[in-house]
Amino acid sequence: MRIATWNINSVRLRLPRALDLIAEAAPDVLCLQETKALEDQFPAAAFAEAGYPHQAVVGMKGYNGVAVVSRLPIEETERREFCGRADARHVSVRIDGGPELHNLYVPAGGDVPDPQANPKFAHKLEFLAELRRWLADTRSAAQPMILVGDLNIAPLETDVWSHKQLLDVVSHTPVEVDALCGIQAGLGWVDAVRHRIPAEQRLYTWWSYRARDWALSDRGRRLDHVWVTPPLAGAVDGVSVLRAARGWEKASDHVPVIVDLKL
DNA sequence: ATGGTTGAGGTTCAA
């Protein structure tokens, strides 16, 4: 089973690129974040025509939004509203009667890494704490589950272009990394990508739009993740990060991450 | 220290 996750940064603007991705990588399940579309604005027919008729779509006006489109039958299990906000950051599905898959878009957290001074950063930390509690209260490490999405945190030193220079930058601060590791430890989640690509190797999934030349400066961060619970750890086969997608015409600032599971 | 770009939806906010 091939799972792809991609922060598409507007599903309507970038639908042609999503169809390119489907043609190139042929995932069984494609998880999208930042669709920036109301549910009735989601290009459901186009994905269905491309072979992905099974869909779970959560949207709001203008911002956020997540979706799962699938070749295999999926059954929506939940759409959690974290922090009491209907802000379209989560949907979970059961894939073909098998593993449950959580698709998440964690709040970016603004610019200032201080929850007192910056409500967006406080929201990010609250979101992570609630995610940890909710998973611990409602799910078990024995269940085969997949968690994907734009988690907006680069946990390892080699997940950023400069560990030292990003220690004070939202996405790589110790408090965020600790929160992410806490969620991971909760159900024993395995980082599927780092399971196959050694931590010594630098790996990014996002490059800012603001760089003059994203490839030349290569100041990236690994913000997009695929995790699995222990029962699926041995099933993780190939993983890939489609760096080339950052160079596509009208590219998203994030690139797709693809994981193959032997189920 | 600052500014740089993109997208949605409007006459700015979020990233």
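Cβ atoms here come from the backbone N, Cα and C positions, even for glycine.
DSSP gives A:Tyr105 (active site) a strand state. Annotated active site per TrEMBL: A:Tyr105, in sequence order.
Residues annotated as active site, proton donor/acceptor in TrEMBL: A:Asp150. Around A:Asp150 (active site, proton donor/acceptor), a 10 Å sphere centred on its CB holds 29 further CB atoms from the protein chains shown.
What TrEMBL records for A:His254 is active site, proton acceptor. For A:His254 (active site, proton acceptor), the same-chain residues that are 6 or more apart in sequence and have a Cβ closer than 8 Å to its Cβ are A:Trp6, A:Asn7, A:Ile8, A:Asn9, A:Gln33, A:Asp150, A:Thr205, A:Trp206, A:Leu223, A:Asp224.
According to TrEMBL, the feature Mg(2+) binding site maps to A:Asn7, A:Glu34, A:Asp150, A:Asn152, A:Asp253, A:His254. According to its DSSP assignment, A:His254 (active site, proton acceptor) is in a strand.
Annotation comment: TrEMBL describes A:4-254 as domain 'Endonuclease/exonuclease/phosphatase'.
Reduced to three states, the DSSP call for A:Asn152 (Mg(2+) binding site) is coil. For A:Asn152 (Mg(2+) binding site), the count of additional Cβ atoms within 10 Å of its Cβ stands at 25 [all protein chains shown]. Summarising the annotation, TrEMBL assigns site 'Transition state stabilizer' to A:Asn152.
Summarising the annotation, TrEMBL assigns site 'Important for catalytic activity' to A:Asp224. Using a 10 Å radius centred on the Cβ of A:Asp224 (site 'Important for catalytic activity') and all shown protein chains, the other Cβ atoms total 25.
Taking the Cβ of A:Asp253 (Mg(2+) binding site) as centre and 10 Å as the limit, one finds 18 other Cβ atoms among all the protein chains shown.
Its Cβ taken as reference, A:Tyr105 (active site) is surrounded by 26 other Cβ atoms within 10 Å in the chains shown. Within 10 Å of the Cβ of A:Asn7 (Mg(2+) binding site) there are 24 other Cβ atoms, across all protein chains. Calculated from their C-alpha atoms, the gap between A:Asp253 (Mg(2+) binding site) and A:Tyr105 (active site) amounts to 15 Å. Same-chain residues at least 6 positions away in sequence with a Cβ under 8 Å from that of A:Glu34 (Mg(2+) binding site) are, in sequence order, A:Asn7, A:Ile8, A:Asn9, A:Ser10, A:Tyr63, A:Asn64, A:Gly65, A:Tyr105, A:Asp150.
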